[in-house]
């Protein structure tokens, strides 16, 4: 049986806690998300792009997310809807 790699688990859990505390408003958890992406980036730098952690996006997706974040505001926002 293979061992599950939980590298960056504290950062992933911090995102979950932040989202729960803030009504799942991702824009209020930017620092936690950035911390996870930083941890995952360092993980892939050490282990290589084929490494895997249940707490990190795949290498290519992480690269895309980091690029998007460097270009500006990309956090999801909670939109209020009117029912009427």
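Glycine too: its Cβ is placed from the backbone N, Cα and C atoms.
Quick look at what Swiss-Prot annotates:
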DISULFID  8-39  disulfide bond
DISULFID  18-29  disulfide bond
DOMAIN    5-47  domain 'CHCH'
MOTIF     8-18  motif 'Cx9C motif 1'
MOTIF     29-39  motif 'Cx9C motif 2'
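Fewest other C-beta atoms within 10 Å: among the disulfide-bonded residues 8, 18, that description fits 18. For residue 39 (disulfide bond), applying a Cβ distance below 8 Å and a minimum sequence separation of six or more within one chain yields 7, 8, 11, 56.
When the motif 'Cx9C motif 2' (29-39) is classified with DSSP, helix, strand and coil residues number 11 helix, 0 strand, 0 coil. A helical conformation is recorded for residue 18 (disulfide bond) in the three-state DSSP classification.
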